[in-house]
């Protein structure tokens, strides 16, 4: 089992999209009140006094949609500036990125992951519930222009909806140093839709790309979940995150902090998550909080392998947007 050195921080559970794979269709979402969400000051304390001393020095900001939270640029600047922070990245739907890309880059952010599930505006609207393709594409172009590198585009592949676009999306990597990652649809966020639609395995997607362009040998870089390939002669890469068909639990190096302060050891695991907000607001010191986190980290290998054996068959109380992806 890899050393855990990576924390995904959900800044907010709200989102301005309603993606079919992320939120239950037709159901109201009970969003958190502002007082229930960890403040920026609390987050910086946890990072500086709890996570960094435990060797966790890589951070990704997620949501919901993290750019919806007021003051996000200032928080990025403060987080990047903490002594010992090795890397800060951000996942976004890019709706607000055209306006914020320059400020985020100036604040020290260098890496962004952007959700782009279709190149067809109509299909995009069907998946996201919003007719915002042009604004998202403008946000992607702004991120490219400002200089974010690597610039990664994440595609959740949905059977019969956007799976036919996989080769066209992969082609974005040919002339640009972009990295397009195809993600197997999994039953967190909208289990009813998953049961209805199913999923497409990564090897099928690779075969389709290989038929049109060819595809080099795959590799796994670092501790990330993606298996990375390259179209011959392309500037960028294509990756496959295969949580349904190709288990990568053994190389997992991350934990997830929800906006309300629950620390989750595994995307699939709710039973073992711990509450950091309550003891923090009750006056617990850094040493006590570090002990809580340390105990969870010690149990993470056993939790990971238990979840791997169980598979994605559980009942999940939180949507993907509430977990932070």
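Every residue, even glycine, has its Cβ placed from backbone N, Cα and C.
Quick look at what Swiss-Prot annotates:
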BINDING   8, 60, 91, 152, 254, 255, 256  GTP binding site
BINDING   15, 19, 22  [4Fe-4S] cluster 1 binding site
BINDING   21, 64, 115, 186  S-adenosyl-L-methionine binding site
BINDING   249, 252, 266  [4Fe-4S] cluster 2 binding site
DOMAIN    1-226  domain 'Radical SAM core'
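Distribution of Swiss-Prot features across the structure.
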residue	record	Cβ contacts under 8 Å, 6 or more apart
60	GTP binding site	6, 7, 8, 9, 88, 89, 90, 91, 113
115	S-adenosyl-L-methionine binding site	19, 91, 92, 93, 94, 153, 154, 155, 156
152	GTP binding site	111, 112, 113, 114, 178, 179, 180, 181, 239
255	GTP binding site	4, 6, 7, 8, 56, 263, 264, 265, 296, 297, 300
Practice item. Please report the DSSP secondary structure of residue 255 (GTP binding site), reduced to three states. Key: strand
Check your understanding: When a 10 Å sphere is centred on the Cβ of residue 249 ([4Fe-4S] cluster 2 binding site), how many other Cβ atoms does it contain?
Key -> 18
Check your understanding: How many whole Å apart are the CA atoms of residue 254 (GTP binding site) and residue 186 (S-adenosyl-L-methionine binding site)?
Key -> 19
Check your understanding: residue 21 (S-adenosyl-L-methionine binding site): which of the binding-site residues 249, 252, 256 is the nearest Cα neighbour?
Key -> 256
Study note, to complete from the structure: According to DSSP, residue 91 (GTP binding site) sits in strand
Study note, to complete from the structure: Running the binding-site residues 64, 249, 266 through a 10 angstrom C-alpha radius around residue 15 ([4Fe-4S] cluster 1 binding site) leaves 64
Practice item. Find the shortest Cα-Cα separation between residue 252 ([4Fe-4S] cluster 2 binding site) and the binding-site residues 22, 64, 186, and name the residue that gives it. Key: 186
Study note, to complete from the structure: If we take the Cα of residue 256 (GTP binding site) and draw a 10 Å sphere, the binding-site residues of 22, 64, 186, 249, 266 inside it are 266
Revision key, fill the gap. Between the binding-site residues 15, 266, the one whose Cβ has the fewest other Cβ atoms within 10 Å is 266
Point to revise | Cβ-Cβ neighbours of residue 22 ([4Fe-4S] cluster 1 binding site) (radius 10 Å) | key: 24
Exercise for review: Report, in whole Å, the straight Cα-to-Cα distance of residue 266 ([4Fe-4S] cluster 2 binding site) from residue 186 (S-adenosyl-L-methionine binding site).
Suggested key: 14
Point to revise | Residue among the binding-site residues 19, 186, 252 whose Cβ has the most other Cβ atoms within 10 Å | key: 252
Practice item. Provide the number of Cβ atoms within 10 Å of the Cβ of residue 64 (S-adenosyl-L-methionine binding site), excluding the reference atom itself. Key: 29
Review point. Where residue 22 ([4Fe-4S] cluster 1 binding site) and residue 64 (S-adenosyl-L-methionine binding site) are concerned, what is their Cα separation in Å, rounded?
Key: 10
Review point. Can you give the largest Cα to Cα distance in Å, as a whole number, for the residues 21, 64, 115, 186 that bind S-adenosyl-L-methionine in the record?
Key: 17
